[in-house]
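Novice: There's a structure below that I have some questions on.
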Amino acid sequence: MSVSKKPMVLVILDGYGYREEQQDNAILNAKTPVMDALWAKRPHTLIDASGLEVGLPDRQMGNSEVGHVNLGAGRIVYQDLTRLDVEIKERTFFANPVLTNAVDQAKNAGKAVHIMGLLSAGGVHSHEDHIMAMVELAAERGAEKIYLHAFLDGRDTPPRSAEASLKKFEDKFAALGKGRVASIVGRYYAMDRDNRWDRVEKAYDLMTLAQGEFQADTAVAGLQAAYARDENDEFVKATVIRAEGQADAAMEDGDTLIFMNFRADRAREITRAFVNADFDGFARKKVVNLNFVMLTEYAADIKTAVAYPPASLANTFGEWMAKNDKTQLRISETEKYAHVTFFFNGGVEEPFAGEERILINSPKVATYDLQPEMSSAELTEKLVAAIESGKYDTIICNYPNGDMVGHTGVMEAAIKAVEALDNCIEQVTKAVESVGGQLLITADHGNAEQMRDPATGQEHTAHTNLPVPLIYVGEKNVKAVEGGKLSDIAPTMLSLMGMEIPQEMTGKPLFIVE
């Protein structure tokens, strides 16, 4: 008979953040004798679950998807916006081989470098700072003909806010003594995602043929004319920018075109119009043989160069367990099942070898304040049985209550949710100790600790950017390390299991065995 395993259990209390003020704090207003005792007597620390520490922009609240990806990856997993910000700050962007080759190819052949993208500080589909860096890269590498095709936002930014952005770029080109804004058009045309090809065609013709409904000497003048026609940024009609005596910026064979949007959904259609030989969305008046670069991969079936391919996460916690012939269980309710499986595994849908999964149905209620305990009793029953079974080397469990009930904004319900969790943690702790296992209790982000917005006085239904607790329960004598983050959890678990930490994991163990 096989030896009974002493599992390493990770319990993720979703939306269970740490905040010392009791007011509007469902966690501190709940009766939680079990968690209180664990915090008082067991090794513990606070860890970051938001902002740069999880690969999001500075001070941005965490979320469950990002949280679980970081938990399972054992390294900070940067979102595209932050990844590019970091690359530009550290100047590795300026050495990106795909971008530099594309610029050099055009320069050496006496061809133009065209840059297109959403000129916006919105940071949702693109960021104008990234476009500015691309202009600088092209200029630094000696490109003489640099043409910017500006898509205007007004959707993730105020409806009439493009003027400052356009002026910034016109000033930049003036300072460089080369390059210019060659066209402006609203994102309504250039960034459609619903196969409204008549819109896309207008943006395509504007850039390929240098033909539009309107023409202006400068980008700012073109924008002001659009405002006079009562067009907000998003809806600015195709406008060619060319002063008298300036060369035409129409695209020619051999030119380079770099698309600086990082979000895929609204970048695909216009990219296909440029790249696909068999494109049939509209009859293209001019088909140009371009050296086309996508900033990120917009779709796997678009065959063209990608400056920043998707980061594949090798050796996540789940994969490392499988490689080491360990058994693992993932268990949660419907609401967070994808998080302990797909997201924790770094975006991999298929279970790894030795990975089992248990899904507990979340209750069928309109909103979870009506049943704040959710399915936690059944989840705990199954979790305890799994711990006691001796089958698993490691178990990952998520309790959704703090987050799902926190989102309702109903304080009394959130308190009940937290109290239900305390009862569950008591049973789980006893089960782990009875088999000589180890337990880490943490959260993926905050929520229930802030149930009212202090600024507005309204119910606070969103996540927070506050730290989350991390508690160790087990037989090892350990010392907690300060200053941790979610991506330190996987290395912590491996270290406590006495396993090697793969080199891809840059996180650090937060409990050191003494």
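Cβ from N, Cα, C; glycine included.
What Swiss-Prot records for this protein is below:
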BINDING   Asp14, Ser64, Asp444, His445  Mn(2+) 2 binding site
ACT_SITE  Ser64  active site, phosphoserine intermediate
BINDING   His125, Arg155, Asp156, Arg187, Arg193, Arg263, Ala264, Asp265, Arg266, Lys336  substrate binding site
BINDING   Asp403, His407, His463  Mn(2+) 1 binding site
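Show me how these features fit into the structure around them.
Specialist: In this structure, Asp14 (Mn(2+) 2 binding site) belongs to neither helix nor strand by DSSP; it is coil.
Taking the Cβ of Ser64 (Mn(2+) 2 binding site) as reference, residues of its chain lying under 8 Å away and at least six apart in sequence are, in sequence order, Asp14, Lys336, His339, Phe343, Asp403, Asp444, His445.
DSSP gives Ala264 (substrate binding site) a coil state; it is part of no helix or strand.
Using a 10 Å Cβ-Cβ cutoff, His463 (Mn(2+) 1 binding site) registers 25 neighbours.
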Novice: What is the set of residues, excluding Asp14, Ser64, Asp444, His445, whose C-beta falls within 8 angstroms of the centroid of the C-beta atoms at the Mn(2+) 2 site?
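Specialist: After dropping the recorded site residues, what remains is Ile12, Gly15, Ala49, Gly62, Asn63, Gly67, His68, Lys336, His339, Asn398, Asp403, Ala443, Asn447, His463.
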Novice: C-alpha of His125 (substrate binding site) to C-alpha of His407 (Mn(2+) 1 binding site): distance in Å?
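Specialist: It is 26 Å, counting Cα to Cα.
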Novice: Can you name every residue in this chain, apart from Asp403, His407, His463, with its Cβ inside 8 Å of the center of the Cβ atoms of the recorded Mn(2+) 1 site?
Specialist: Asp14, Gly15, Ser64, Gly402, Met404, Gly406, His445, Asn447, Ala448, Thr461, Ala462
Novice: By a 10 A CB contact count over all chains shown, which of the binding-site residues listed here is most packed: Arg266, His407, His445?
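Specialist: By the 10 Å Cβ neighbour count, His445 comes out on top.
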Novice: Determine, to the nearest whole angstrom, how far the Cα atom of Asp156 (substrate binding site) is from the Cα atom of His407 (Mn(2+) 1 binding site).
Specialist: 24
Novice: Drop a 10 Å sphere on every Cβ of the binding-site residues His125, Arg193 and tell me which sphere holds the fewest other Cβ atoms.
Specialist: Arg193
